[in-house]
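Here is what Swiss-Prot says about this protein:
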type: BINDING; residues: L81, C82, H83, M117, E118; note: substrate binding site
type: ACT_SITE; residues: D132; note: active site
Amino acid sequence: MSPEQDTSPELTHFRDGLPRMVDVTEKAATLRTATAEGWVRLPPEARAALEGGTSPKGDPLTVARLGGLAGSKRTADLVLLCHPIPVTGADVRVTLEKAGVRIVATVRTTAPTGVEMEALTAVSVAALNVYDMLKAASKAIEITGVRLLSKTGGKSGDYTAPDT
């Protein structure tokens, strides 16, 4: 296949087979947003502890929301090749639904690189906090479905997950 026919995406974090941080020096700082979601599936005993307010550590949903906000700001410390960028806005919604705890995080920046990883990290850290807060009630809690719902801005353009 000739280079002009190659439609595979470029993996920008590798050069000559070695990891690298992508150079964004020449990229324009523009408004970028990303929204991610994830779920925490609760066994009956964990759900009962949440609904009954009997978690010994306090309100799991409030702690998860705060953890998600903190996670969005600490992404570059956790995701090794992620740029430390200014998070100019973050919203983490944590709701108890029939299927479990749903977490949706939206993160905004005006930077030369996107905030998809910040949104995904916010959801993941929020979910881990739900687990931590309810693990005394059940160890069978499951974190699932962490994914990017949408992104705007940047060279790659806008994205919306097909089933949203």
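Including glycine, each Cβ sits where the backbone N, Cα and C put it.
What Swiss-Prot annotates, mapped onto the structure for a quick look.
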residue : record                 : DSSP (3 states)
L81     : substrate binding site : coil
M117    : substrate binding site : helix
D132    : active site            : helix
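Reported as a whole number, the C-alpha separation between E118 (substrate binding site) and D132 (active site) equals 21 Å. Just so you know, of the recorded positions E118, D132, the Cβ with the fewest other Cβ atoms around it within 10 Å is the one at D132.
Cα to Cα, M117 (substrate binding site) and the residue listed as 'active site' are separated by 22 Å. Other than the site residues L81, C82, H83, M117, E118, same-chain residues with C-beta atoms no more than 8 angstroms from the centre of those residues' C-beta atoms, the substrate site, are T75, A76, V79, P84, I85, T113.
Note: the CA-CA distance between H83 (substrate binding site) and the residue listed as 'active site' rounds to 28 Å. The most densely surrounded of the binding-site residues L81, C82, M117 is M117 (count of other Cβ atoms within 10 A of its Cβ). Counted within 10 Å of its Cβ, the other Cβ atoms near H83 (substrate binding site) come to 16, all protein chains included.
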